[in-house]
Amino acid sequence: MDVCVIDHPLAAARLTVLRDERTDTAGFRAALRDLTLMLVYEASRDAPRKSVRIRTPVAAAAGTRLVNPPLLVPVLRAGLGMVDPAQAALPEAEVGFVGVARDEQTHRPVPYLAALPDKLAGRPVMVLDPMLATGGSMAHTLGLLQRRGATDITVLCVVAAPEGLAAVGETAPDARVFTAAVDKGLNKAAYIVPGLGDAGDRQFGPNLFTSSAPSRPEAPAGRGRAAAKTPGRRSARSESPSSTSPSARSRKAAPPA
């Protein structure tokens, strides 16, 4: 697994705003947007591209276009704040969604949504989640992607803990991780220390979803057959974490409104 820690004064300044407990929700979202753009910039440095010929208002010129833009996969709910800036940098990118809450007693991941293309072989994927703490939710997400054939996976996070990096390395040894910081570890509540708190709460307010809420039902059989006949069509369903997924979860997440 390749881990890249962004070393840049602008990234460090935005990370400081995110860490500061005095930062309000609007300031937190703005700093997260800026830092996400920096992460996407670094993560796409070696993106495949092709040369094209264009015309300026003055003359012919050579240009560049991306080949096979990645699928963006935010982990709900905190990852939602990274989608807009990622799409601003990669306007051709499509977006899938994975929803994972956490049980506040056990810190185990509680999956409730997987809206992803059925086939991801040969397609690069960028997973967006501000916090990589225990790695339980990320391992679940990586498992969903791997079962759909994804092999080119990049994880973008603002802050990572060694425990989360270890979980990613165990689940997807060939994945790449781009982060603004690797902190020292987790506390007893499975939060990153020093971290930045609960990234979902700090963007959107307190999370009212609890792990006791029932999982979303499977789609009706007829709809499932229709989706299976259409390659690349997204399916939205609740999926359980794989048996190899770590059992802890760093923060809460909420289902979309």
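The backbone N, Cα and C atoms fix where each Cβ goes, glycine too.
The number of other CB atoms found within 10 A of the CB of Asp198 (uracil binding site), across every protein chain shown, is 19. According to DSSP, Asp198 (uracil binding site) is assigned to coil rather than to any helix or strand. Marked as 5-phospho-alpha-D-ribose 1-diphosphate binding site by Swiss-Prot: Arg77, Arg102, Asp129, Pro130, Met131, Leu132, Ala133, Thr134, Gly135, Gly136, Ser137, Asp198.
Ala199 (uracil binding site): 28 other CB atoms within 10 A of its CB, across all protein chains. The uracil binding site annotation in Swiss-Prot covers Ile192, Gly197, Asp198, Ala199.
The compositional bias 'Low complexity' annotation in Swiss-Prot covers 211-230 (among others).
What Swiss-Prot records for 238-248 (among others) is compositional bias 'Low complexity'.
The region 'Disordered' feature in Swiss-Prot is assigned to 203-257.
The two recorded residues Asp198 (uracil binding site) and Arg77 (5-phospho-alpha-D-ribose 1-diphosphate binding site) have their Cα atoms spaced 11 Å from each other. Between the C-alpha atoms of Gly197 (uracil binding site) and Met131 (5-phospho-alpha-D-ribose 1-diphosphate binding site), the distance comes to 9 Å. Gly197 (uracil binding site) counts 17 other C-beta atoms within 10 Å of its own C-beta, drawing on all protein chains shown. Around Asp129 (5-phospho-alpha-D-ribose 1-diphosphate binding site), taking its Cβ as the centre, 28 other Cβ atoms fall within 10 Å, counting all chains. The two recorded residues, Asp129 (5-phospho-alpha-D-ribose 1-diphosphate binding site) and Ala199 (uracil binding site), have Cα atoms 9 Å apart.
Met131 (5-phospho-alpha-D-ribose 1-diphosphate binding site) is surrounded by 29 other CB atoms, counting those within 10 A of its CB over all protein chains shown.
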